[in-house]
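Straight from TrEMBL, the features:
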- 82-113: coiled coil (COILED)
- 139-166: domain 'C3H1-type' (DOMAIN)
- 197-276: domain 'RRM' (DOMAIN)
- 278-305: domain 'C3H1-type' (DOMAIN)
- 1-24: region 'Disordered' (REGION)
- 315-351: region 'Disordered' (REGION)
- 139-166: zinc finger (ZN_FING)
- 278-305: zinc finger (ZN_FING)
Amino acid sequence: MKEKPKVLTTTGEKQERRENSPRYQAWLAEQAELEDFRREEELRLQQERQQQWERDEELAQQKWREQQVRLAEKEKQELRIREEWELEQKKQKEAEEEVKKKEAEKLKKQEDLMRQINDFITHGGEIPSSINISTETHPNKPLCPFFSKTGACRFGDHCSRNHQRPGISRVLLMPNFYSHFGIDQSMIDEYDTDLMLEYEDSETYQHFREFYDDVLPELEQFGWVVQFKVCCNFEPHLRGNVYVEYSNTQDAVAAYQKLQGRWYGGRQLNVEFTSISSWKSALCGLFFKRRCPKGRSCNFLHVFYNPGNAFADADHDRKYSRQQQTNARSRSRSNSPSPSRKRSHRSVDKT
Ligand SMILES: [Zn+2]
Ligand SMILES: [Zn+2]
């Protein structure tokens with residue numbers, strides 16, 4: 001008879017049996033697998049985080065480097081701007097100093113000239129060579145025909161020909177001294193007609209007459225005036241130009257000294273020495289015959305008719321005589337249509 005196996009087992013045996021059971025073994029294996037998976041996963045995640053951190057770090061460093069480059073660039077730029085500004089300031093200062101220096105030199109030259117002129121006026125005698133230095137714009141070029149004849153040229157100092165200016169001379173030029181709306185505004189055609197047809201009765205001519213009667217006696221205070229011409233040209237380099245010739249240089253120099261920089265009718269006088277060797281060549285011969293083909297663009301002197309045809313000898317380059325001039329002047333004065341004109345506000349005044 002087979003003995004029935006004892007069911008009774010100890011706790012240890014139970015335990016052992018359970019541990020040896022396939023289910024338990026399977027569970028253990030699963031646990032181990034899970035554990036491996038967890039470890040692997042953690043390692044993977046850790047590595048990922050590490051990589052991410054490294055990437056972030058790299059990015060941050062990259063950004064920092066770029067920022068540094070930008071900052072350096074900006075600093076460089078600011079430095080460049082500052083340097084450029086400083087250079088500009090330096091240049092400006094140098095230019096200002098140069099101007100100041102030149103002005104001081106010019107002033108000194110003028111003062112020296114005035115002192116020598118004073119000596120010459122007071123003591124007379126030979127013209128000091130130091131004040132009689134002529135200047136030339138282009139000494140190697142041929143003479144400018146306009147400047148040589150009239151002492152004025154539309155191109156001024158930009159003219160390609162040579163402009164010869166005397167240090168001192170008997171003839172003074174006061175550019176743009178006479179002004180009248182008739183020649184200031186572009187009414188030249190009407191003005192020409194006005195001047196030519198109605199002549200001595202026209203408003204324009206009366207205006208000139210007042211000027212003539214005011215200014216000529218002022219100029220005669222310095223000496224014997226042998227020519228006096230007022231331009232009615234439209235061209236800016238001749239417009240309102242006043243020419244006065246004295247019989248001798250000493251008087252011209254005295255007039256120059258007294259008139260330079262003085263005021264007349266709201267205008268400051270600019271006086272130049274000029275050499276007109278022939279009035280016949282300077283004056284437009286066709287203007288009085290109303291035949292100047294150049295009209296408003298003529299480069300020769302279109303002048304107002306002097307009352308009583310005063311200084312006609314000079315116009316024709318004839319030897320002038322004091323008798324003739326005096327006659328002409330007295331005739332012109334007696335013909336004056338406005339004896340009550342107010343001279344006080346027009347006369348050459350230091351104002
Ligand atoms: Zn010229
Ligand atoms: Zn002309």
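Glycine too: its Cβ is placed from the backbone N, Cα and C atoms.
Annotations in TrEMBL come from automatic prediction, not curation.
Fair warning: this is a prediction, and the values are worked out from it, not measured in the lab.
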What are the DSSP helix, strand and coil residue counts for the zinc finger (139-166)? 9 helix, 4 strand, 15 coil
In DSSP terms, the domain 'C3H1-type' (278-305) comprises 7 helix, 3 strand, 18 coil
